[in-house]
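Note sheet for the following structure.
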Amino acid sequence: MRISAAGGGTGGHLYPAVSILEKLAEMKKLNVTYFCLEKGIESKILPLEHPEYKLIKIDLKGLERPIWKPSNFTRLLKISQSESIIALEIKQCDFGLMTGGYISYPVGKVCKKLKKPFFIQEQNVVPGLANKALSLSAKKIFVAFDKTVEFFPKSVRNKILVTGNPVREKDNEEMLFGKDYVLVLGGSRGSEFINNLMEEVYKVEHNLKFVHSTGSKEWVDRLSIFENVKAVDYIYNASAAWKGARAVIARAGATTIGEMLYYGLPGILVPWDGATGSHQLYNALEIEKMGKALVLKECDATVSTLLKKLYQVLEMDKKPKMKINPAEIIAKTILEELK
């Protein structure tokens, strides 16, 4: 089975795609072509984790807001020019899988042009521009939240399946860092804001253990002076890190909230103010409404406020892990739809 996949720029778009592809690979023999942004995280991660995937690197930039900015003309032209390269690969595929980010749009557009069925998966409460545009032609649309349905055109809502966010997991993986620690995550590229805030927290909080993914080796060195903090620049086997944690402090990106809900971990979500369309804030508020987390906005974030919320979170019960990974539901549905 030949698949053309796209989704990247950040881990929030990449990892859901990879988790679905990994589940599909358990059910069928796959031949995967993955369309990457030249400077996206997928261009670095996929050669390490899935060297068997054929990578096609495309030099694109996302549209600036508002969309009518003159600089977007050049960007739209590049997107259009990339379609001929994409078409050469998609001619060979059985179907497409897109998980958002602007690389998804030209890939989905070419699938439509060549009459290849394709599926989209949306991780955030408010869908991105690429997925909204592709929804009209998609065979099936997978979303993480019930609320997301209302943001899509009424004409496509009969194609939407609410599954939750797909998660990568290895059941036989041992816990990496022991157990009963607070997991601190700044997203796939790290967060200077969270790093700076937590450095101040570590100066006064010595009773709790922390595992902190910093995004850079410089921050690992800087935080190494704290005995109760295990700092790493990046956590490659995330499932092992989640299994030993008792709570999480993190941004509200799609990968994080998917794993948080899957592993039943309570936490503090600090939405990134710079996220497109405030999607992290909407994600965080939805999780808080579900009673699974507390939201801490950047403008309210102080050491005392964070610690107060952290001790509240530690009183919340850790829920049992989900019985079925949404990635499995999505993979099975795709195969059913293709029959």
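Each residue, glycine too, has its Cβ placed from N, Cα and C.
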* For the UDP-N-acetyl-alpha-D-glucosamine site that Swiss-Prot gives with Thr10, Gly11, Gly12, Asn124, Arg168, Ile235, Gln280, which of Ser104, Ser155, Ser188, Ser216 also belongs there? -> Ser188
* Asked: Minimum Cβ neighbour count within 10 Å among the binding-site residues Gly11, Gly12: which residue?
  -> Gly11
* **Sequence-distant neighbours of Thr10 (UDP-N-acetyl-alpha-D-glucosamine binding site) in its chain (C-beta under 8 A, six or more apart)** => Gly40, Ile41, Gly101, Gly187, Ser188, Arg189, Gly253
* Asked: For the UDP-N-acetyl-alpha-D-glucosamine site made of Thr10, Gly11, Gly12, Asn124, Arg168, Ser188, Ile235, Gln280, how many Å separate the two farthest Cα atoms?
  -> 22
* Pick the one among the binding-site residues Asn124, Ser188, Gln280 whose Cβ has the fewest other Cβ atoms within 10 Å in this structure. => Ser188
